Every structure is written in structure tokens, then in C-alpha cells.
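In Swiss-Prot this protein carries:
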| type | residues | note |
| --- | --- | --- |
| TOPO_DOM | 1-11 | topological domain 'Cytoplasmic' |
| TRANSMEM | 12-32 | transmembrane segment |
| TOPO_DOM | 33-45 | topological domain 'Extracellular' |
| TRANSMEM | 46-66 | transmembrane segment |
| TOPO_DOM | 67-87 | topological domain 'Cytoplasmic' |
| TRANSMEM | 88-108 | transmembrane segment |
| TOPO_DOM | 109-128 | topological domain 'Extracellular' |
| TRANSMEM | 129-149 | transmembrane segment |
| TOPO_DOM | 150-162 | topological domain 'Cytoplasmic' |
| TRANSMEM | 163-183 | transmembrane segment |
| TOPO_DOM | 184-206 | topological domain 'Extracellular' |
| TRANSMEM | 207-227 | transmembrane segment |
| TOPO_DOM | 228-240 | topological domain 'Cytoplasmic' |
| TRANSMEM | 241-261 | transmembrane segment |
| TOPO_DOM | 262-287 | topological domain 'Extracellular' |
| TRANSMEM | 288-308 | transmembrane segment |
| TOPO_DOM | 309-336 | topological domain 'Cytoplasmic' |
| TRANSMEM | 337-357 | transmembrane segment |
| TRANSMEM | 359-379 | transmembrane segment |
| TOPO_DOM | 380-393 | topological domain 'Cytoplasmic' |
| TRANSMEM | 394-414 | transmembrane segment |
| TOPO_DOM | 415-421 | topological domain 'Extracellular' |
| TRANSMEM | 422-442 | transmembrane segment |
| TOPO_DOM | 443-470 | topological domain 'Cytoplasmic' |
Amino acid sequence: MDRGEKIQLKRVFGYWWGTSFLLINIIGAGIFVSPKGVLAYSCMNVGVSLCVWAGCAILAMTSTLCSAEISISFPCSGAQYYFLKRYFGSTVAFLNLWTSLFLGSGVVAGQALLLAEYSIQPFFPSCSVPKLPKKCLALAMLWIVGILTSRGVKEVTWLQIASSVLKVSILSFISLTGVVFLIRGKKENVERFQNAFDAELPDISHLIQAIFQGYFAYSGGACFTLIAGELKKPRTTIPKCIFTALPLVTVVYLLVNISYLTVLTPREILSSDAVAITWADRAFPSLAWIMPFAISTSLFSNLLISIFKSSRPIYLASQEGQLPLLFNTLNSHSSPFTAVLLLVTLGSLAIILTSLIDLINYIFFTGSLWSILLMIGILRRRYQEPNLSIPYKVFLSFPLATIVIDVGLVVIPLVKSPNVHYVYVLLLVLSGLLFYIPLIHFKIRLAWFEKMTCYLQLLFNICLPDVSEE
């Protein structure tokens, strides 16, 4: 390996990259596929549903700014892991990492399958996509993206920016089309907005459900806790990215929903499995076949950044001694190749074994549990270290509001649809102790793994990073 240049994760990403990264991470497939949860729990009241979308943006801003405090205070790739380790101990931090291994692999597997389904769907217009070609294409896309991610930040940068431009362009096209339909003033297009609040008003329980549905659509703002170590001037870059991306997402979400409601009736939206395709079929019948390809192309960016960001905590945990030294290595492109390889391998297994995907659906609620711990950590730090110099602070009401929302995201699924799978998920999280106690607490070393580490270093041309000057 050429050692003319230092091998380490470098701070090479600036404001524009960070903004596009946050945009992609928040805007997922939901706005294209099924943005109907808010409308359903708003009792198909158009005015209430749009108000919920706007209100959820404010709630999302509070939680995102809380995550920004963690990212700025600990500007390293995997700040969430380091924060948990500092304020709750190494055991909790390891269990968070253990959970994220399964959650991260499940996310990339689900995104790869969704990407494959939308890519193949136009070739099967009258039936569902066969499982075998869908899985084969998903595996191919997953490994292609993994290889591109391992090639370093240059490949990631141009692919991410191109994909984000495409995604925003598609949503802008949908939004502008809705505006044009409204300006034309046809009765069937404007009547739903002239009497937006005339429908039945939702009761408090349905309204809370609608808020949780909308809040989930804005999730993803905590992504800077995973890649802060590669941002230039994170203290100023992160807040600027947040205050650019989140208002833009809010406007886009509102305009896209208005466009859907302009072209389709609320009942048509609720009955559709892919609202964007139904919308295209109604607004531009001759171009409807393009929408699945456009959606799949935009979903490519989500898969790209999911692999990119989920590999960073693995790398940091290895630096902290909670994972084998093998995962603390970088290739000649200064990319954590072995961390990416582990994530892609686990994602491939999740694609092949579809029952694992079902289990991953129940793991998602653990993300809210970890978010609650992070918010408690912020409050704990303010109480235990009141004189600590913190470069960026949020109002205490922000973490408290985030705790309330996250508690609801944990409790409501348990109350609404109790399932034994949640017990399995808890056991899966706690099973991390079977590895933590012997290998980390008692520091048992496996000689054969150390030999394999040396062999893999030669095979993949990887090495330990140089000492950072920070």
C-alpha cells in the first residue's frame, strides 16, 4: 500500500454534501409509495392531515437539533456510540452496536429489495414480481453499492449528489404538477381544498396516531451522529445543513401531499399501494411507466448512504476495543472496507433469508429506545456537568419533547398490536451479552482470529489508520 498519503478518515465533506446527505436520509420511499398513514388517521380530513404534516416538521426539528448537539460535542464518525459509552458505560454502547448491526443490515436489505422490485415491476405489469429475480437483483445492487462505497469518498460524493438532485427533481415535478392543476381551477381538483376541514374531525387517539405517522416520515435527522468525523467544521456545518434541509423537506412534503390530493381523492390514496404510480397514471397516463424507474433510481441514493453511514460505528467500535481489530482498518482509498464488507454480508443474508426481514420490522422500535437513552444522556450531562463547556446546546424542552414522542413510538405498537416477536427482539438485543462478557469484559483473545486478521490485511490490502492530528 502506498503510504505517501495518510490513511485515515478525512474531513472532506462540506455544507452542500451534508445538506444533500440529510435530504436523502430523511426523504425515503414512503413519500412515493404510501404517504397515507397521516391521511388515514386524520379521518380523511384534508385540512387536519396537512396541519399534522407541518406540525411533525417542528417536532422533527427538535429531535434533529438534539442529535446535532451530540454530533458537535463529539465530532467523530459514530458519535452516538461514543456518547452512549461515555454516559451509560461500555455495556450499553456495545448493545447499541449489536442492535445496529442487525438493524443496519436489515435496512440495507429492505432498501435493496425495494429498489429491485421497482426496477423489475415494469416488466411484470399484470402480476407481482417473482421472488427469485428480485432477490438476485437486490443482491447484485447491494454488492455494487458496497464496492462503490469502498472506493472512497469521491465515488460516494458524485453518486449521492446526482441521486439527491434526481429525487428532489421528481418530487418537484409532482409538486409543480399539483400547483398547475390547482391554478387551472377544475372543480374536481380544488373542491377538496375549498372545504378542507369539513370532513369528520379525528378524535385525540387518532390524532396522536397521525402525528406518530408523520413524525416517522421525517425520521433520519440523527444521521450526523454517524458521519460527523468526516464533515469539515462540524460546529458550523451541521446546524447550517439542518436549517437548510428540514425546511426544504417540509415544503416538499406539503406540496407533494397537496399534489396527490389534487389529482386523487382521499379514498383513492388510501386504497393505493404505490401512490406516486397511481398519481402518474391519473395525471400523465402515457408516462406512468417511467415512474417505477424514477423511484428505483432515487432509492439507489438511500441504499448508498445507508451503507456509508452504518459502517462508521463499526469502525469506531473497533477503535474503542469493542470489536476485533480487523474492523479498525482502512483500504488505500481511506474507506473502512472490512466494516462495509461485514454490513453487506449481513444484508445479503437478510435478503436470502426473508424471515429475517420480518424480524427486522420489529427491531425498528428499538431505534426509539436508543433515542430515548440519548435524550436522557443529554439531560444527564446538563445535570452532572453543569459547568462543562458545550459548543452547541439545545433548549431542555427539546430533548423532553423528543422523549415523549419516542416513548409513544415504543408504547403504541406494544399496546396496539402486542406480539411475541417483541420478546424475541429483546432477547436478540440481550444476546449481545454472550459476546460482550467473554470477549470484551474478560478480554479473551482468539489466536485463530488474529492469524486470520493478518491474512485478510494482505488479501484486501488494508491497514490500521494513521494517528489523527485532532
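First residue shown is number 1, and so on along the chain.
Each Cβ is built from the backbone N, Cα and C atoms, and glycine gets one as well.
A contact between the transmembrane segment (88-108) and the transmembrane segment (288-308) is present, since 3 or more of their C-beta pairs, 6 or more residues apart, lie under 8 Å. Over the topological domain 'Cytoplasmic' (1-11), the average per-residue pLDDT in this prediction is 68. When Cβ-Cβ distances under 8 Å to the transmembrane segment (12-32) are tallied for each of 46-66, 207-227, 241-261, 288-308, 394-414, the top count falls to 241-261. Only sequence-distant pairs (6 or more apart) were considered; of these, fewer than three Cβ pairs between the transmembrane segment (207-227) and the transmembrane segment (129-149) are under 8 A, so the stretches are not in contact. With respect to Cβ pairs under 8 Å, the transmembrane segment (337-357) is most closely packed against 129-149, considering the stretches 129-149, 241-261, 288-308. Beyond its flanks by at least six residues, the topological domain 'Cytoplasmic' (309-336) meets 1-2, 7-10, 25, 76-78, 80-82, 85, 90, 93-94, 97, 100-101, 104-105, 107-108, 149-153, 223, 226-227, 229, 342-343, 436, 440, 449, 452-453, 456-457, 460-465 of its own chain at Cβ-Cβ distances under 8 Å. Note on the transmembrane segment (288-308): residues 21, 24-25, 28-29, 32-33, 104, 107-108, 111-112, 114-115, 118-119, 121-122, 141-142, 145-146, 148-149, 156, 159-160, 163-164, 166-167, 170, 223, 227, 276-277, 280-281, 340, 343-344 of its chain, located 6 or more positions outside it, place their CB under 8 angstroms from a CB of the stretch. Contact count against the transmembrane segment (163-183) (Cβ pairs under 8 Å) is highest for 241-261, out of 129-149, 241-261, 394-414. The residues of the topological domain 'Cytoplasmic' (150-162), classed with DSSP into helix (H, G, I), strand (E, B) and coil, number 11 helix, 0 strand, 2 coil. Note: the topological domain 'Extracellular' (109-128) comprises 15 helix, 0 strand, 5 coil (DSSP; helix = H, G, I, strand = E, B).
Proximity of distant same-chain residues to the topological domain 'Cytoplasmic' (150-162), defined by a Cβ-Cβ separation under 8 Å and at least 6 residues beyond the stretch ends, is recorded for 10, 12-13, 16-17, 20-21, 24, 230, 300-301, 304-305, 308, 331, 333-335, 337, 340-341.
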